Amino acid sequence: MEKYERIRVVGRGAFGIVHLCLRKADQKLVILKQIPVEQMTKEERQAAQNECQVLKLLNHPNVIEYYENFLEDKALMIAMEYAPGGTLAEFIQKRCNSLLEEETILHFFVQILLALHHVHTHLILHRDLKTQNILLDKHRMVVKIGDFGISKILSSKSKAYTVVGTPCYISPELCEGKPYNQKSDIWALGCVLYELASLKRAFEAANLPALVLKIMSGTFAPISDRYSPELRQLVLSLLSLEPAQRPPLSHIMAQPLCIRALLNIHTDVGSVRMRRAEKSLTPGPPIASGSTGSRATSARCRGVPRGPVRPAIPPPLSSVYAWGGGLSSPLRLPMLNTEVVQVAAGRTQKAGVTRSGRLILWEAPPLGAGGGTLLPGAVELPQPQFVSRFLEGQSGVTIKHVACGDLFTACLTDRGIIMTFGSGSNGCLGHGNLTDISQPTIVEALLGYEMVQVACGASHVLALSTDGELFAWGRGDGGRLGLGTRESHNCPQQVPVAPGQEAQRVVCGIDSSMILTSPGRVLACGSNRFNKLGLDHLSLDEEPVPYQQVEEALSFTPLGSAPLDQEPLLCVDLGTAHSAAITASGDCYTFGSNQHGQLGTSSRRVSRAPCRVQGLEGIKMVMVACGDAFTVAVGAEGEVYSWGKGTRGRLGRRDEDAGLPRPVQLDETHPYMVTSVSCCHGNTLLAVRSVTDEPVPP
């Protein structure tokens, strides 16, 4: 097992435990079947050996790939391909009563057909073909058949006599005790096709005798007449009572119904969707970016390009801009010819996630690498430069979200696994110690949960699971972990949340935390200095008396300041001494300290009451991010505004402090939409994507 790292138990097979593991050599997720051979009967050991023998013979994209087998602690370990999309049975169950399109049914069916043809070509019977043994890739587009534990290799005999398989898929000849050959697998194939078309099994009954009676009589409900007569006839032929009347696989593949789907499999699966620049058929003036006609749900630009658009040069897939920390205007970061869909800023880190699931980092070049010295007579400091790189050693992992704290980073994979790296001070990495780690390492305490989001504060972390379970770790003073104490923890702790408050999103600040719940309400904990969490119980424009001011909350508490406690909130973010929120109607509210104008009001008032940002009336806001003493907000049409403290480029322009929102100019010549924004201390990262008429793949 030195080559593998166990992640979690994902199931129990016919004869043993099934583990999801990480192969250390290439960081690829694999399945390890652990079969305790010493506790097995002779027949069971033969079945386990048979599975290895069968898997070694097969090599097909629609069959689960075999890697190796070895002995470990008196158990046979079989390493094989991991299919992250679950089983076809689970896919069908999630459809409820929503029937699949015929094209989708055939897309799945012909892949099963190809896999079974490959198996039969090697003189192997599957003998347990069912939707539970048909697996899907992560995009749920490619199917793979697996579980050959009871397969039979036909060496010299043409028929097998043992009765095995799942009862609902057993053929009539097996019910009669007759010998069978490949036609029994074709019966099971018909059962799978029927299940795809009707979302239920062809043969079901309360007990085994009743089930056998149904199978022997061939009694099953017809599939919906929304499907073509050819598909309905194919189901009937596959489920013929007489094995000789069931068509062989080669005949099924030759049917006109299947030919187009088979051609699509060979031409479309695995193809790379390309973007192309549309060339105008007739010369004409450039089209303004607001008149492209494309629609986007994210923040989208409506301005006119600064120059003529040259259709021969396609726009970049995306751009990431950075400002602050000495950058007085947005600097476009190098992109490595990829599309970044989400960004996160830390005290020193700049990170992003690409559409393909890779983690990209932007770093300052080492001293002496060029561009870092002034020429004689120069009066201005050179603009800082950055180099981009992909995080190495994660080739088998798909990242879907990243968050940054002070000198540490957390990332979330598409399988719901959280990995952390960087500084281990305050226990922020969640590994049960304070050790620094340079490479992303799995937070083992959360492997039993499927996580959907992670957020980092300066020195603490919140993580949310698919079932709404909340975990926190790191520094705990001020009650920022929401655990009811001020204690710190170097390992994830489950956070109690009041019943009915289903968490949808988590947010971390310097010394506080928030969770956004399903009805658009917000709970907060930690330091409430200046009422930056909105925990004071205030009516509109009311100021609390000193003894009513809430200075900190050790547990997650509903906001009490109007209108935050009344209007549904879509987005919230926490700065050092202030916070911001966007309501369902697109209004932006700020609360907390206004020392540097970060609340966006005309007067530098000293108030604990939330205020609506001035100057954004009539603009629907969709995103907001808070830095140490400034705020950045994004409108539905892609407008970017900033306000607050302006030193060291915090506002993305050469202004000093600005108490009211002003636009930030991005160097974009094509229509764009803002996909992500992140502020930390005095830095901002913002990602935009070019808007084209062609849809972007999910």
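Placed from the backbone N, Cα and C atoms, the Cβ positions cover glycine too.
Swiss-Prot has this to say about the protein:
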- ASP128: active site, proton acceptor (ACT_SITE)
- 288-309: compositional bias 'Low complexity' (COMPBIAS)
- 4-258: domain 'Protein kinase' (DOMAIN)
- THR162: phosphothreonine (MOD_RES)
- 278-309: region 'Disordered' (REGION)
- 416-467: repeat 'RCC1 1' (REPEAT)
- 586-637: repeat 'RCC1 4' (REPEAT)
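Summed and averaged per residue, pLDDT over the repeat 'RCC1 1' (416-467) gives 92.
Helix, strand and coil residue tallies for the repeat 'RCC1 1' (416-467), in that order: 6 helix, 23 strand, 23 coil [DSSP].
The Cβ neighbour count for ASP128 (active site, proton acceptor), using a 10 Å radius over every protein chain in view, is 21. For the recorded site, the residue listed as 'active site, proton acceptor', the DSSP three-state label reads coil.
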